[in-house]
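Feature list (source: TrEMBL):
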type	residues	note
BINDING	Lys265, Asp270, Asp288, Glu349	Mn(2+) 2 binding site
BINDING	Asp270, Asp347, Glu349	Mn(2+) 1 binding site
ACT_SITE	Lys277	active site
DOMAIN	345-352	domain 'Cytosol aminopeptidase'
ACT_SITE	Arg351	active site
Amino acid sequence: MQISLKPAKNAAALTTDLLAVCLAEGPLNAELQALDTAIGGTISRLISRKEFTGKAKESLYLPEVQGLKAKRVLLLGIGDAEKALSIAEFDSLLAASADCASKSNSKSMSLLSESLKVEGLSNADMLQRAAKVLEVGQYRYTTTLSKPKPASSLKSVTLQAANSAANQQAVARGQAIALGITTARQLGNLPANICNPDFLAKEAKKLGRKSPQLSVSVLDEKKMLELGMGALLSVTAGTEQPARLIVMEYKGGAKNTAPHVLVGKGITFDTGGISIKPSGKMEEMKFDMCGAASVLGTMNAVVEMALPINVVGIVAAAENMPSGKATKPGDVVTSMSGQTIEVVNTDAEGRLVLCDALTYAAKFKPASIIDIATLTGACVVALGNHASGLYSNQDDFAQELLAAGVRSWDRAWQMPLWNDYQQQLDTSYADICNVGGPAGGSVTAACFLSRFAKDQRWAHLDIAGTAWTSHAKGATGRPVGLLCEYLISKTA
């Protein structure tokens, strides 16, 4: 989609298929008075008859309006002119305008929003947000449909703002973040017979060809064995699909500057292994690689934004299947760190691939490490589907990520990482057990991972409740927005 900027000094002269006009309650401002005059007082009459009042979430579509170069008009209520919209309300307004454009078969849209304010967002932030939301709204999954629904008709949007360098950068960043989100959504939505570990490796290599600043390498099982990644390899023992450790190195910053490392869980299908899952909703276990998808999506956005920092993305990709060769409950494996692990439950496999990936990540001497995983159903029980679970061994780091989540409206909630929980992982047969019982399952999973990042500035995002939605049947692309905002903050 093409997104351009133009100060709307004369809205009546805007040539567009759809003119979306944001209207507050109360008297019209000078700009809207001029627009109302141009269309013969239509807006004033609608308000006087209380057919439209400007209340928040109110909308009125006018398919034919005389006196404008615009073919159609959409009136959007924003409520009290003195009160800022929430980010969620702003998103709904943008979605409503794009939906109207699509339903009216409009190819172009101009958004008139002079009086609009959004909580916590500067004008540039609003432009970035608008670009992101409008672009993400264009996404349609069509890959495996024989007769896909037609794409949205909307091809260009004009936003009311000065065409300054800062505003242009804001729009470009919004579009880049949207690209990252749709990349993650597309990978997550693909079925596991297409999106397997080797497919993810090939997608990463494609991404590597986008920029000379991004290099991609892929470790096969032979190399992982040489490195001692016994935990990761224990997960893939039962499948015909070989595991892959995908490493993407983006060098946008100074040569000797420590990188920020993202580590994604990439279980492309999770049956639970020998500790097999019930059949209900097992098809959703194709989404168990959404942590990996978010890393690939974020790296795509970083390349698109050309951020002046160093970032490493690591994806631990594997499939968890039962067979005669599969890891059995009670088996003991040795991780790359040298710590031994008793695998009591083979369905707690995400932490097994992540622990070796975290140990590998330390070789980059990172400024920070964030792992992202659809790790535990316990996190869904605790937080539902709105907030990702956030754990960190450094509270100031957690606060940075929480702030990034608020800015991007891709929110997280900090959970405890107290030593009190660590004893639940004790076992007589190894250094650590891979499960800590039903109590505090998300917490003990994070405690397990913390043992492999002791000397690092580390955080863990449990996205089991936020990575996909059963209702709309699809991957959400979270937490790409949060991760991008965090990385952007490191460029200041």
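Using the three backbone atoms N, Cα and C, a Cβ is placed for every residue, glycine included.
TrEMBL feature annotations superimposed on the structure.
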| residue | record | DSSP (3 states) |
| --- | --- | --- |
| Lys265 | Mn(2+) 2 binding site | strand |
| Asp270 | Mn(2+) 2 binding site | strand |
| Lys277 | active site | coil |
| Asp288 | Mn(2+) 2 binding site | helix |
| Asp347 | Mn(2+) 1 binding site | coil |
- Query: From the centroid of the CB atoms of Lys265, Asp270, Asp288, Glu349, the recorded Mn(2+) 2 site, which same-chain residues not already listed sit within 8 A by their CB, in sequence order?
  - Reply: Val235, Gly266, Ile267, Met285, Met289, Ala318, Asn320, Gly350, Val353, Ala373, Thr374
- Task: Give me the non-local Cβ neighbours of Asp270 (Mn(2+) 2 binding site): same chain, 6+ apart in sequence, Cβ-Cβ under 8 Å, ordered along the sequence.
- Result: Lys277, Met285, Asp288, Glu319, Asn320, Asp347, Glu349
- Do me a favour and check the Cα-Cα span between Lys265 (Mn(2+) 2 binding site) and Arg351 (active site); whole Å is fine. 8
- Note on the structure: Excluding its own, the Cβ atoms lying within 10 Å of the Cβ of Glu349 (Mn(2+) 2 binding site) add up to 29
- Across all protein chains shown, the one of the binding-site residues Asp288, Asp347 with the most other Cβ atoms within 10 Å of its Cβ is Asp288
- Reported mean pLDDT - the domain 'Cytosol aminopeptidase' (345-352): 99
- Counting only residues outside Asp270, Asp347, Glu349 in the same chain, those with C-beta within 8 angstroms of the Mn(2+) 1 site's C-beta centroid are Val235, Ile267, Thr271, Gly272, Gly273, Ser275, Lys277, Asp288, Asn320, Thr346, Ala348, Gly350
- Query: Which residues, sitting 6 or more apart from Arg351 (active site) on the same chain, put a CB under 8 Å from its CB?
  - Reply: Ala373, Leu375, Asn434, Ala445, Phe448, Leu449
- Inside 10 Å of the Cβ of Lys277 (active site), count up the other Cβ atoms and send me the figure. 14
- Number of Cβ atoms other than its own within 10 Å, given for Lys265 (Mn(2+) 2 binding site): 31
